[in-house]
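What Swiss-Prot annotates here:
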type	residues	note
ACT_SITE	His112	active site, proton acceptor
BINDING	13-32, 94-97, 179-181, 205-207, Ala223	NAD(+) binding site
BINDING	Tyr57, Arg60	substrate binding site
BINDING	Cys120, Cys139	Zn(2+) binding site
DOMAIN	1-237	domain 'Deacetylase sirtuin-type'
Amino acid sequence: MNFPYRNIVVLTGAGISAESGIQTFRAQDGLWENHRIEDVATPEGFARDPDLVQDFYNQRRKKLQDPNIEPNAAHLALGRLEAELDGQVTIVTQNIDNLHERGGNKNIIHMHGELLKSRCSVSNQVIEETGDILTGDLCHCCQMPSQMRPHVVWFGEMPLRMGEIYSALETADLFISIGTSGVVYPAAGFVHDAKMHGAHTIEINLEPSAIESEFVEKRYGKASVEVPKLVEELLAHLESNVESA
């Protein structure tokens, strides 16, 4: 690695939150908490059975607020990295939980939305939401009050804040991917974009992802083990540069 790094972009996926007890989508059988993805994570599913979809996310929201669900060592290490690095750390997450915020990160882009927010289905106005969203809960910001929905990007919808993400990738000198499958685009293409702009690239995963060949450096194991080790290395080199200055 070419230390020190000043502009770090970290992409995180379900693997980083799984160790905190957040249930992940099982791609091998297309189920999420025993529901078909097309039933609970598509606009068509919401139109077909809004009660089912609202209940599904209401249950996920309750689970996220369970006192037993806490940031793990990987989240805490990334929070420390942002706080102590002499530069910029941007977290781009595919996760809809708030574990990065609770782990200490502030510069976070939720490209797939946030579970603890709801959104007007017409105006797209977003509000904080810690309780249940029910069919019939309306947003009154529109001339015709409209149904509230989870602030979550469903399959077939455009991810959020893509312009900001690509701007961060253009200036990144280090790109780290943690706990991602490498099969969901556009996120799976971020490593290529970062490399095109000269960034060093690192994959941290339980096993090689579908795009592992794109990465210069690979570290396989639990995120809660590998991420703190990497952060220690990054900050140690930062300190050694300060001492030698």
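The backbone N, Cα and C atoms fix where each Cβ goes, glycine too.
In the three-state DSSP reading, Gln94 (NAD(+) binding site) counts as coil. Between the alpha carbons (Cα) of Arg60 (substrate binding site) and Gly21 (NAD(+) binding site) lies a span of roughly 12 Å. Ranked by how many other Cβ atoms sit within 10 Å of their Cβ, the binding-site residues Ser17, Gln94 place Gln94 at the bottom. Residues within less than 8 Å, Cβ to Cβ, of Gly179 (NAD(+) binding site) and separated from it by at least 6 positions along the same chain comprise Thr12, Gly13, Ala14, Gly15, Ile16, Ser17, Ala18, Ile204, Asn205, Leu206, Ala223.
DSSP classifies Cys120 (Zn(2+) binding site) as strand under the three-state reduction. Comparing C-alpha positions, Cys139 (Zn(2+) binding site) sits nearest to Tyr57 among the binding-site residues Gly21, Tyr57, Gln94. If you average pLDDT over the domain 'Deacetylase sirtuin-type' (1-237) in this model, you get 94.
Distances between the Cα of His112 (active site, proton acceptor) and those of the binding-site residues Gly21, Gln94, Cys120 are shortest for Gln94. For the binding-site residues shown (Cys120, Cys139, Leu206), fewest C-beta neighbours within 10 angstroms: Leu206.
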